[in-house]
């Protein structure tokens, strides 16, 4: 039922399309350009049908820059990139803010056809300058810092960081520069400082579209002065009577603590103890040195007091000389006994192997000496002699 309506709409659309003017193939085509100061702008103009005419580029003051491949304006920053009947491309190097505006590409047909290309020049912000670090902060002070950058177009944005952490709450002001084109941006930040901020890096980062996702920044490390803290360490940790002991007071602060005072609760510091810088030294500990000792560490901002309870233990037991001597003697006796035992074994084996072949001086001196000599001769003569052999023993 709706088919006639749909058909009518389709016919109407076709009729409207038929009434559109045909595409002008001789119309030049250009594109807008955005370039930062100091950069290079590329101006490209193309045409499908040149109709035997040349393309021409003109600047914002309608001065001809190039007509075809012929240079018309003496400006070495402007160079020919490509020239053909269907294209004319030129470049402008070291772009400045005054180069901004509308550039015209023309083709001298009948009628003359033109196309505009808008060149936008970005003002690159300068490296930011940060103030407020002229002197050190004191703990719990409020830091007030300012960051300034000039020459940006459009106006730059500024962010603050403490280490990797972004600081919130900054206030920003934007002022137009004297040239009427660029801007100066100022950012102010305030925050309370603690001793943990001593040495922290504060960064002012400037962001701008001319910086291509990077940022110009300035960083400074802040100094925070604070009262000292301290603790006492014992060396050795388990002191005994007769030891040398060093009680060392390790203090931290800004400025560095430079004054140390040692005291003893309910008494005087022993006369034989020496104060060496931040240390109290006992050269020969005594039981009477036990007690609570106090170290007062000071800098220009204040004093910190820390305590240490000293308990002197009994001297280490020393083994007696007599017990050492007994052990040595016992060891020597054991060695000698072992050697004698070995000697007896060797001697016994020797006697067994030479049984019946011994002749003593006493035997030689007796009445049976000739028989003893004969026994020796028979023994040396082997088994070939008589079976009757005499043996002489002591």
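Just so you know, glycine gets a Cβ as well, placed from its N, Cα and C.
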According to Swiss-Prot, which of these ranges is transmembrane segment: 327-347, 348-368, 369-389?
327-347
Per Swiss-Prot, the range holding region 'Disordered', considering 169-192, 193-216, 217-240:
217-240
Tell me the Cβ neighbour count for residue 295 (disulfide bond), meaning other Cβ atoms within 10 Å of its Cβ, over all protein chains shown.
24
Whole-number mean of pLDDT values that fall within the topological domain 'Cytoplasmic' (348-394):
50
Check each residue in the chain of residue 105 (disulfide bond) that is at least six apart in sequence and keep those whose C-beta is under 8 Å from its C-beta; list them in sequence order.
28, 30, 43, 45, 55, 56, 57, 58, 88, 114, 115, 116, 117
Roughly how many angstrom lie between the C-alpha atoms of residue 147 (disulfide bond) and residue 295 (disulfide bond)?
44
